[in-house]
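Visitor: One structure follows; several queries about it will come next.
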């Protein structure tokens, strides 16, 4: 049975565990930039570590940092934060981080994949913990600048110092996360629920449901442009209502016809067979089979992923959406 999560806010946390520590943020993409800026603006000492000079290097310089090569940033650091892509982390750790680890250093992750599936196995004399913002980097930064914060998950994998949770919460606070709330979890729970959510709903399930509805309408003779609005474009408005006001708030905002159709037909579309398949997908993640499959796929150059992206780029859904973009943008209110 599920238990009630422990949630920490600003009043429960302090920046003290991170004060005076040299923090190396590895990567300067969406999350890396937001983390580096927020931590620095919270008064912490931040260095950006990058593999090579390029756009990210120049962006970091433009933002007032003096970026270093990854290994140089790690050599000087007390805290190393991994914000490079998941599948690049193992190589970065092995070649750029592991040779320079010292007792008492901290390794920080924003997603548990590499630790949970043992792609990275740190020595026992360092702290290993996670701070995972539940939003994309630009939102993490925007909310922070405006005085708010994106909720975060925090977890501890190794607690050599005895203070790993306090340090995780200090970073969460510096990111702005405890302005909303930091939810305590585990690497296992964060990794598995993140992957299950992505596959069954956020990327896989929702996209395939939209495609199936769109293609069904087109096959029945309806115009692709009309089908696109009804099955794809309007989803954002419904999700925004749920995000802002919950399911009941959304239901109060739609017509009685929509409510009745949703309650009666929705359960026919998402039925027990669908739930069985959801459980199968979840078990594949929990067992580690998905991770094994993805690691093998990545090692072969990601042919399945490349094929999927190519097919989507050429799909009628995507082509219709591009044609309608001008109409959609023309009607968007000017800020």
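Glycine residues also receive a Cβ, built from the backbone N, Cα and C atoms like all the rest.
Okay, these came from Swiss-Prot:
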DOMAIN    5-185  domain 'KARI N-terminal Rossmann'
ACT_SITE  111  active site
DOMAIN    186-331  domain 'KARI C-terminal knotted'
BINDING   194, 230, 234  Mg(2+) 2 binding site
BINDING   194, 198  Mg(2+) 1 binding site
BINDING   255  substrate binding site
REGION    301-335  region 'Disordered'
COMPBIAS  308-335  compositional bias 'Basic and acidic residues'
Visitor: Within the region 'Disordered' (301-335), count helix residues (DSSP H, G, I), strand residues (E, B) and coil residues, in that order.
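Guide: Taking each residue of the region 'Disordered' (301-335) in turn, the totals are 28 helix, 0 strand, 7 coil.
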Visitor: Using only C-alpha positions, which one of 111, 198, 255 is spatially nearest residue 230 (Mg(2+) 2 binding site)? These are the recorded positions in the record.
Guide: 255
Visitor: Would you pick out, from the binding-site residues 194, 234, the residue whose Cβ has the largest number of other Cβ atoms within 10 Å?
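Guide: Ranked by Cβ atoms within 10 Å, first place goes to 194.
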Visitor: In DSSP terms, helix, strand or coil for residue 198 (Mg(2+) 1 binding site)?
Guide: helix
Visitor: Roughly how many Å separate the Cα of residue 234 (Mg(2+) 2 binding site) from that of residue 255 (substrate binding site), to the nearest whole number?
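Guide: Spelling it out, the Cα of residue 234 (Mg(2+) 2 binding site) and the Cα of residue 255 (substrate binding site) are 14 Å apart.
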Visitor: Just to confirm my parser: what is the rounded mean pLDDT across the domain 'KARI C-terminal knotted' (186-331)?
Guide: 96
Visitor: Can you grab the distance from residue 111 (active site) over to residue 194 (Mg(2+) 2 binding site)? Cα atoms, rounded to a whole Å.
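Guide: On Cα coordinates alone, these residues lie 9 Å apart.
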Visitor: According to DSSP, which kind of secondary structure is residue 234 (Mg(2+) 2 binding site) found in, if we only use helix, strand and coil?
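Guide: In three-state terms, residue 234 (Mg(2+) 2 binding site) counts as coil.
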Visitor: What's the CA-CA gap between residue 194 (Mg(2+) 2 binding site) and the residue listed as 'substrate binding site' in angstrom, rounded?
Guide: 33
Visitor: Round to the nearest Å and give the CA-to-CA distance linking residue 198 (Mg(2+) 1 binding site) with residue 255 (substrate binding site).
Guide: 30
